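As given in TrEMBL:
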ACT_SITE  ASP49  active site
ACT_SITE  CYS52  active site, nucleophile
SITE      GLU237  site 'Linear diubiquitin binding'
ACT_SITE  HIS262  active site
Amino acid sequence: YKLSVAPEMDIMEYCRKEWRGNTPVAKRMRKGYEAVAQKFASIRRVRGDNYCALRATLFQALSQATQLPSWLQSEDFTMLPEKLLSKYDWIKQWQLKQKLGRKMGEISDEIKEYLILFRKKWKSISEIKGPVEKQEACDKLFKNEEEEYSLYEALKFLMLNTAIELYNDDKNGRRVPVFSWLLFARDTSSNPCQLMRNHLNHIGHSGGLEQVEMFLLAYALQYTIQVYRLYKYSTDEFITLYPNDPEEDWPVVTLITEDDRHYNIPVRMCQETML
């Protein structure tokens, strides 16, 4: 098996290995890692394909899940594909992960399967009490390629659903978060259909998540994503929150990035910061 999330390693040791030189960039990265090391003892490298933002976020969310979020409990959660396809014909152009010999028209069944798996995995992992066992269950899940990539398909579909809701809210004069305007202000995603065609369909294949899509991911999961952006060390953006005005009851996951493209995860909070 290829482990999608590597075993943990001491943060400063990792930093020394990666950033040896004396260039301004290397110095800044080292300072950034030192700041992260005040809070976290270890780092786990996340496999660097175009799913890494989804992978890092979902892995962190599952590792600390203690219950099934309310939006995952709702009866009609798994009916989402049928519901959306009945309203928006263009969703038929959703790009499913490459499977040979799939006929059109099975798209809603397939996404439904992914959503069912998503809920089942979240439920079973959140019910594990011991931290060691919970971690083992997460590691096992992220070694199973078939299941792991199915979860990303589910997550991308939830992002699409969230985008449609925000777009409609805005059109109907309801208040929407600022990122939603930015999301639909791009030439390539002026509506949910374009967002799907030009962005969501490419995540994992030919591109990762852009900044504004990190907000969409946070809203889809109803999690605050806190990111240490190391190349922004000593600026206001060193620690960035998606969304930047989070709901108080949303749980928080923490990621690390050196370039806003690839994300790794810090683990093992230092004792004094937990108090």
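The backbone N, Cα and C atoms fix where each Cβ goes, glycine too.
Note: TrEMBL annotation is automatic and uncurated.
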Only counting partners 6 or more residues apart, tell me which same-chain residues put their Cβ under 8 Å from the Cβ of GLU237 (site 'Linear diubiquitin binding').
-> ARG229
How long is the line from the C-alpha of the residue listed as 'active site, nucleophile' to the C-alpha of HIS262 (active site), rounded to the nearest angstrom?
-> 6
Counting only other Cβ atoms and using a 10 Å cut-off, which of the active-site residues ASP49, CYS52, HIS262 scores lowest?
-> ASP49
In Å, rounded, how far does the Cα of HIS262 (active site) sit from the Cα of ASP49 (active site)?
-> 8
